[in-house]
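Participant: Pulled from TrEMBL, these are the listed features:
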type     : residues                                                                                       : note
TRANSMEM : 20-38                                                                                          : transmembrane segment
COMPBIAS : 73-83                                                                                          : compositional bias 'Pro residues'
COMPBIAS : 84-99                                                                                          : compositional bias 'Low complexity'
ACT_SITE : Lys127                                                                                         : active site, for sulfotransferase activity
BINDING  : Lys127, Gly128, Gly129, Thr130, Arg131, Arg208, Ser216, Lys333, Gly334, Arg335, Thr336, His337 : 3'-phosphoadenylyl sulfate binding site
Amino acid sequence: MAYSVLGRAGPPQPRRARRLLFAFTLSLSCTYLCYSLLCCCDDLGRSRLLGAPRCLRGPSAGGQKLLQKSRPCDPPGPTPSEPGAPSAPAGAAAAAPAPRLSSSNHSGSPKLGTKRLPQALIVGVKKGGTRAVLEFIRVHPDVRALGTEPHFFDRNYGRGLDWYRSLMPRTLESQITLEKTPSYFVTQEAPRRIFNMSRDTKLIVVVRNPVTRAISDYTQTLSKKPDIPTFEGLSFRNRTLGLVDASWNAIRIGMYALHLESWLRYFPLAQIHFVSGERLITDPAGEMARVQDFLGIKRLITDKHFYFNKTKGFPCLKKPESSLLPRCLGKSKGRTHVQIDPEVIDQLREFYRPYNIKFYETVGQDFRWE
């Protein structure tokens, strides 16, 4: 019998060899496990290890809470084993994921249009019927209009075009952006400023018998300031001599030929459309047909959109397919005018006559105000 140096019988046990073998096996198993997790795990495993957004495959416990924080998974595409699945060519790279819709709004659909500078302006005149034209043309689906008067080209020009654009409604490429500020027509700087914005801007001017317009203007002012002087007192520098006070704004606005000269320095006459305030009352569909032609849009606003309100004395809008009552302009429209001495009216007609004739000749249209 053989004896070891230590005096113990039997061959030595290979403990160290077993430990090395166990360590090698464990290391190999861990390496394989990591490789499997990185390359072969499902979407949820990938999202946890690689930081991709988590997704949900379907209803599960606590689903309501998870849905608030997780996005839904993309629907799985067909696998090669499924019928109808296209086979990838040999050596082809993996297909790129399908593009997602822009998440610019909550619905996932693109925003409805863009804010643009107006392509058309209703530039005048005050108390001529500009509000009626604005409300009538807004019925058209190809027109989006600002409801308030921004007074950009007369009072707020210093705020800049970006501020002006921010006020506009959103429009599609096929739609026209429109705004109305009647004081532009009598503002000396307005034509140049509008031209600098765009020389292609289309301009609409609603004109009315200047005597009637002045009385309407005075009536509106009187409703706000009951203590102002009489219409006769404001209209004349010397009534006995028939000297009209052209510095009074209510009189000066009606000198249309004078104001038009400033516009024709920058815009051709073909780019300016004149609406008759009188015909807008007696034939609204006809006047709006010409406005639609000028803007280059279809004649969708027709006589079926109007109802004449005898109380107010002008047309109201109605939707042909609706059973609702027609929608009329506000209480400030259709006021009863103050009574003016007929002799004063005759004197003002004589004052305006040369301006009216020149205006007719310039625009090539007789408005029959005499």
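Including glycine, each Cβ sits where the backbone N, Cα and C put it.
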Participant: Counting Cβ atoms within 10 Å of each candidate's own Cβ, which of the recorded positions Lys127, Arg131 comes out highest?
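Facilitator: Of Lys127, Arg131, the one with the most crowded Cβ is Lys127.
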Participant: How many other Cβ atoms are found within 10 Å of the Cβ atom of Ser216 (3'-phosphoadenylyl sulfate binding site), counting all protein chains shown?
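Facilitator: The answer is 22 other Cβ atoms.
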Participant: Cα of Ser216 (3'-phosphoadenylyl sulfate binding site) to Cα of Lys127 (active site, for sulfotransferase activity): how many Å, rounded?
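Facilitator: Per the Cα atoms, Ser216 (3'-phosphoadenylyl sulfate binding site) and Lys127 (active site, for sulfotransferase activity) stand 7 Å apart.
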Participant: Long-range neighbours only, meaning 6 or more apart in sequence with Cβ under 8 Å: which ones does Gly129 (3'-phosphoadenylyl sulfate binding site) have?
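Facilitator: Sequence-distant Cβ neighbours: Val206, Arg208, Val275, Gly277, Leu280, Ile281.
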Participant: Tell me the Cβ neighbour count for Thr336 (3'-phosphoadenylyl sulfate binding site), meaning other Cβ atoms within 10 Å of its Cβ, over all protein chains shown.
Facilitator: 7
